[in-house]
There are 2 protein chains.
Amino acid sequence: MSETDLAPVDGATELDNVADQLDEDDRLKPEFVSAVLDAVEANDPDAARALVEPLHPADIADLFELTPHEDRGPLAQALTDLLDADVFAEMNDYVREDLIDALEPQQVADIAAELETDDAVAIIEDMEPEDQQEVLKAMEPDDRAAIEEALSYPEESAGRLMQRDLVAVPEHWTVGDAIDYLRGHDELTTDFWEIFVVDPGHKPVGTCALSWILRTPRNVAMADVMKREQTLIPVDMDQEEVALRFQKYALISAAVVDAAGRLVGMITVDDIVHIIQQEAGEDITRLSGAGDGDINEPIGLTVRTRVMWLVINLGGTMLSASIVGLFQGEIGRYAILAALMPIVSALGGNAGTQTLAVVVRAIATNQLTSSNTFWMLMREFRIALCNGLALGISGGLGSWLLLGDPRLSIVFAASMLFNSIVAGLIGVLTPVALDKANIDPAVSSAVFVTTMTDIMGFFSFLGLATLWGLGS
Amino acid sequence: MSETDLAPVDGATELDNVADQLDEDDRLKPEFVSAVLDAVEANDPDAARALVEPLHPADIADLFELTPHEDRGPLAQALTDLLDADVFAEMNDYVREDLIDALEPQQVADIAAELETDDAVAIIEDMEPEDQQEVLKAMEPDDRAAIEEALSYPEESAGRLMQRDLVAVPEHWTVGDAIDYLRGHDELTTDFWEIFVVDPGHKPVGTCALSWILRTPRNVAMADVMKREQTLIPVDMDQEEVALRFQKYALISAAVVDAAGRLVGMITVDDIVHIIQQEAGEDITRLSGAGDGDINEPIGLTVRTRVMWLVINLGGTMLSASIVGLFQGEIGRYAILAALMPIVSALGGNAGTQTLAVVVRAIATNQLTSSNTFWMLMREFRIALCNGLALGISGGLGSWLLLGDPRLSIVFAASMLFNSIVAGLIGVLTPVALDKANIDPAVSSAVFVTTMTDIMGFFSFLGLATLWGLGS
């Protein structure tokens with residue numbers, strides 16, 4: 001692997017330097033992070049700056065994320081002039097809040113002014129209302145108006161994500177007109193990949209990739225180059241839907257329109273890539289009851305989120321424990337039941353979680369709709385039947401060999417088969433029902449499914465054992 | 001919401017039609033799917049074609065995914081002329097394999113010839129070797145060479161993802177030269193967002209966004225417009241790393257280079273968006289032991305994947321059941337122990353899974369590196385301590401009120417606190433250790449963590465109870 005593989009470099013001379021600071025996965029090496037923090041601690045900001053200067057803004061942001069909370073302030077002091085708008089745009093929300101809190105409103109306003117609307121909004125939206133007002137007051141009227149407009153849209157909506165700087169041209173222009181316009185207007189954004197063609201009412205009528213413009217003679221009309229099939233994004237659409245739409249139609253950028261269909265902004269795919277990652281990742285941590293699961297979240301918030309989930313689970317396990325309590329007599333007379341019953345419930349829980357994970361993903365990616373819910377239910381039923389038979393037979397034979405009680409082994413096998421089927425059906429029906437009720441299935445399904453498989457596992461195993469007189 | 005919000009439309013006349021077929025989440029409505037399948041069943045392919053024709057290729061692909069396995073063949077027969085290369089490019093791998101198997105090698109070759117290299121490779125790479133050879137034989141020599149080259153790179157590597165059609169120009173050209181070249185060469189791709197500038201050895205020296213070219217006078221040299229900082233992708237890099245790099249540096253496209261640093265291809269962000277989604281989604285289903293969790297996977301493969309995981313879990317639960325077996329005497333004398341012990345193990349399992357989900361995500365997104373592993377361990381220890389205290393105190397008080405045995409409640413509370421701390425530490429250390437050993441932590445962590453929390457839960461609760469003479 002040649003050195004040029006390793007990182008974006010700021011001129012060939014610094015190439016060795018930057019390549020040395022990243023490991024094969026593009027992560028800053030621990031030695032490098034320690035070297036910077038040691039320089040800061042030794043009160044040698046010049047040395048720290050010399051180390052950090054060649055880094056890409058995304059890597060400087062990573063450096064702050066990898067630095068312990070209490071060392072971030074001194075690090076920021078040492079690197080003030082490197083800590084520019086691009087670095088803030090790349091930074092984790094919680095880490096950014098940490099640093100922003102330490103800055104004066106005028107400094108925040110200067111940083112926000114350099115950013116695209118969507119990045120500036122991301123910085124300002126989480127501030128306290130008073131601080132937000134102070135920062136907005138310190139901004140230029142134009143920037144301020146753009147940000148205030150964005151803040152007027154709901155959180156996590158297209159309106160917050162979009163940038164207002166875009167290139168839109170009238171239908172009757174030629175390719176040459178468009179190129180002259182772009183060359184003649186220095187104030188236009190340089191960060192765009194498509195040009196929008198609009199009618200006199202500023203409604204988008206077509207989209208034109210820059211490559212098509214470059215490949216077409218100057219005298220051709222824009223209306224003849226543009227693609228009329230457009231994917232428009234309503235300004236109040238949720239960011240998760242925006243991300244799915246970008247993915248489904250393989251978009252690079254898309255026009256954002258208001259309720260009247262007028263072009264009000266543009267979303268580009270680089271802003272969407274973060275959201276896809278984030279939304280898909282949140283499903284894992286939500287499914288396991290860890291909320292958003294951001295490692296930079298304040299610890300008090302993390303504890304509250306997780307304890308709430310554990311307490312709900314505590315309720316579920318107490319419910320299933322009360323089932324066990326009903327059979328205290330049988331267990332007292334035949335204590336081996338107590339050793340086998342957690343196996344039945346645990347395997348039901350595992351099988352249910354498998355189904356749940358698959359169904360939650362399929363719902364989130366629009367693969368599971370009402371068209372194929374019944375098919376999915378039948379699919380999981382067949383899988384559960386196969387799994388239940390495999391586990392029931394192997395578990396039954398194993399327990400027979402170990403414990404030598406054929407009746408106990410038959411009860412054990414039958415309850416495993418039964419609980420596997422319960423797990424498969426509940427694992428589909430719970431998230432589907434929650435989704436229909438507009439409740440996030442990733443957040444709420446798991447506790448219900450595992451409580452049900454616990455209860456059904458204990459009840460079927462102990463109940464069958466009692467019916468067959470095993471503990472009498 | 002206006003109708004134009006709902007979907008990309010193929011000319012204004014079909015607007016109502018297409019908008020009617022999608023629900024608010026861009027998914028095909030079940031009524032529409034049924035209408036198409038009814039038309040196919042009624043042997044009326046014209047009616048089916050009329051319904052499907054206005055759809056975007058991505059929606060036609062979705063239609064096949066939402067159609068039950070056994071109806072896909074007849075549907076494909078009815079829609080032959082609509083089933084073009086773009087539809088295959090958008091289709092789920094398993095569904096595509098289904099359809100491709102039914103086509104002649106020449107038909108597959110025709111479809112592949114229309115696609116970009118990466119999409120053609122995706123279709124051909126999963127075929128049986130003999131079928132693959134037949135298809136390759138039926139292709140034009142140029143296309144064939146491109147695909148054979150791509151197939152020579154490892155699966156899921158940059159070489160498989162890249163397209164060979166790209167625009168590269170020499171450094172000494174002016175902007176005008178580049179534009180004239182683009183206008184004069186019809187055979188060039190139209191699907192590009194940046195132009196690569198190369199040296200005489202065909203090594204990339206800079207990248208130039210099309211917007212910069214459009215904004216710059218014709219006489220300026222490309223070398224003065226291009227950005228020298230480049231993110232180059234080695235041809236053998238794993239696709240997950242490629243995706244992280246696109247995300248980290250907000251790339252739209254990137255040059256792929258061979259071991260000698262020569263430009264061999266280009267990857268564009270629209271191909272990466274799928275991978276980010278897929279990799280993040282796989283972590284959820286892998287963590288719960290459901291493998292890749294694709295709902296279109298053949299059912300036999302799904303059963304094998306899941307049973308393997310359940311059998312490993314069966315081993316884990318048998319191990320923990322044997323711990324319970326050691327205390328049969330105490331349980332026989334004091335059966336309420338059997339009701340409370342699953343609560344201790346279940347809460348440990350839940351807490352461990354929370355930590356695990358957060359750590360697995362943080363590793364996958366490069367947020368957790370050796371620089372902050374110790375900090376992360378301390379963070380989770382503090383969270384576990386808080387959670388354990390909260391649950392221990394509430395569970396202890398609750399059980400005292402319900403059961404009235406203060407010694408039992410103290411044992412219950414202490415073992416919950418202990419197990420919560422075990423869960424937090426094991427939940428960090430297990431995935432970190434597996435990652436260091438180059439084993440995917442998402443696949444292998446969960447069973448180890450839950451087995452440990454089961455064992456520790458049973459052992460601490462029953463052990464403390466025995467020490468204090470509760471079952472004697």
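Quick reminder: no glycine exception, Cβ is built from N, Cα and C everywhere.
Counting residue by residue with DSSP, the domain 'CBS' (A:226-284) contains 26 helix, 15 strand, 18 coil. Residues or ranges marked as domain 'CBS' in TrEMBL: A:226-284.
Residues or ranges marked as transmembrane segment in TrEMBL: A:307-328 (among others). Sequence-distant neighbours of the transmembrane segment (A:307-328) (same chain, 6+ residues past either end, Cβ-Cβ under 8 Å): 289-290, 337, 341, 345, 447-448, 450-451, 454-455, 458-459, 462-463, 465-466, 471.
Away from its own ends, the transmembrane segment (A:334-360) comes close to residues 283, 287, 320, 324, 327, 368, 376, 380, 383-384, 387-388, 391, 395, 399, 403, 408, 412, 415-416, 419-420, 422-424, 426-428, 430-432, 441-442, 445-446, 449-450, 452-454, 456-458, 460-462, 465, 470-471 of its chain (Cβ-Cβ under 8 Å, at least six residues beyond either end). The transmembrane segment annotation in TrEMBL covers A:334-360 (among others).
The annotation transmembrane segment is assigned in TrEMBL to A:381-403 (among others).
Beyond its flanks by at least six residues, the transmembrane segment (A:409-434) meets 340, 343-345, 347-349, 351-356, 359-360, 363, 368, 373, 376-377, 380-381, 383-385, 387-389, 391-393, 395-397, 399-400, 403, 440-442, 444-445, 448-449, 452-453, 456-457, 460-461, 464-465, 468, 470 of its own chain at Cβ-Cβ distances under 8 Å. Per TrEMBL, transmembrane segment is recorded for A:409-434 (among others).
Under the heading transmembrane segment, TrEMBL lists A:446-470 (among others).
Sequence-distant contacts of the transmembrane segment (A:446-470) (same chain, at least 6 residues past either end, Cβ-Cβ under 8 Å): 287-289, 309, 312-313, 316-317, 319-320, 323-324, 326-327, 330-331, 334, 337, 340-341, 344-349, 351-353, 356, 405, 407-408, 411-412, 414-415, 418-419, 422-423, 426-427, 430. Looking just at the domain 'CBS' (A:226-284), the mean pLDDT is 91.
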